[in-house]
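Pulled from Swiss-Prot, these are the features on record:
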| type | residues | note |
| --- | --- | --- |
| BINDING | T17, G18, S19, T20, K43, I96, T97, E98 | CoA binding site |
| BINDING | Y159 | substrate binding site |
| ACT_SITE | H247 | active site, tele-phosphohistidine intermediate |
Amino acid sequence: MSVFINKDTRVIVQGITGSTALFHTKQMLEYGTNIVGGVTPGKGGTEAEGVPVFNTVAEAVQTTGANASVIYVPAPFAADAIMEAVDAELDLVICITEHIPVLDMVKVKRFMEGKKTRLIGPNCPGVITPEECKIGIMPGYIHKKGHVGVVSRSGTLTYEAVHQLSEAGVGQSTAVGIGGDPVNGTNFIDVLKAFNEDPDTHAVIMIGEIGGTAEEEAAEWVKANMTKPVVGFIGGKTAPPGKRMGHAGAIISGGKGTADEKIKTLNACGIEVAETPSVMGETLIKVLKEKNLFETCKTH
């Protein structure tokens, strides 16, 4: 088991003929992801990396039976690309694109109300179920199949946590990058719920950062509902107030959203928080050992 994606996920790539999309399409295919088509308006009938290209998402879905899409469309056109995928009734849309205007995403969120599609991102590294399916831009080779779920607002911190776990012989069920923008499709709680219900996930690492209250809300949810151990990390301890730190959502405003505040809430909700990024894996392994879960989480 895993969450959101597996070896049977049938993927289309929106914006497939762009250089970034072509590079990552090749990487995803090499990993074993089942990419069944691509979409670039005006390029229908051609091929990219051996994958058929269509003019519209609807046409691609109708022809290939795709149930998921990954979007590498430039920011000014990305919101339209998401809505086109939602209109085509895909189960899952993963948007990698950064710098989508916030107002565009507000419109997308409203458009998606009551629709069946789950959006992950934007401004995210994607989702990977190790040794089955990789959708996005993460380096596949650092992942190992196993029982730890990873959910994060940061791409590179996800890779850091995953690499530490894999090096210690602890595999992952699924790693989900929810993205660093203030308005996104899937939040921490959505992913934690999925991990909680997944029999193959035995523990979770949640990686947050300054800005907003998503981590605090997730911690309260964990305290009330989670049956599996969760370990946390919060980036941005030394960030000055009022300065955006890399991600559009990573900003301390009005004294709210500081790392200290978040860490305090996580601790109060029973979530052990790693002091620095370099001990994220170590902190989880310590908790696994305390709960006698380490052996079941080791990849044999």
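Glycine residues also receive a Cβ, built from the backbone N, Cα and C atoms like all the rest.
Recorded features from Swiss-Prot, shown on the structure.
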residue	record	DSSP (3 states)
T17	CoA binding site	coil
K43	CoA binding site	coil
I96	CoA binding site	coil
Y159	substrate binding site	helix
H247	active site, tele-phosphohistidine intermediate	coil
*asked:* Between the Cα atoms of E98 (CoA binding site) and H247 (active site, tele-phosphohistidine intermediate), what distance do you get, rounded to the nearest Å?
replied: 9
*Pop the Cα-Cα gap between H247 (active site, tele-phosphohistidine intermediate) and I96 (CoA binding site) into the table, whole Å please.*
13
*Candidate with sparsest Cβ neighbourhood (10 Å radius) among T17, S19, T97, the listed binding-site residues*: S19
*May I ask which residues of the same chain, at least 6 positions away in sequence, place their Cβ under 8 angstroms from the Cβ of Y159 (substrate binding site)?*
P125, M138, P139, I142
*What is the total of other Cβ atoms whose distance to the Cβ of I96 (CoA binding site) is within 10 Å?*
27
*For T97 (CoA binding site) and H247 (active site, tele-phosphohistidine intermediate), determine the Cα separation and express it in whole Å.*
12
*Compare the C-alpha of H247 (active site, tele-phosphohistidine intermediate) with the C-alpha of each of the binding-site residues T17, G18, T20, K43, and give the closest one.*
T20
_Neighbour tally for H247 (active site, tele-phosphohistidine intermediate), based on other Cβ positions within 10 Å of its Cβ_ = 21
*Counting across all protein chains shown, how many other Cβ atoms sit within 10 Å of the Cβ of T20 (CoA binding site)?*
13
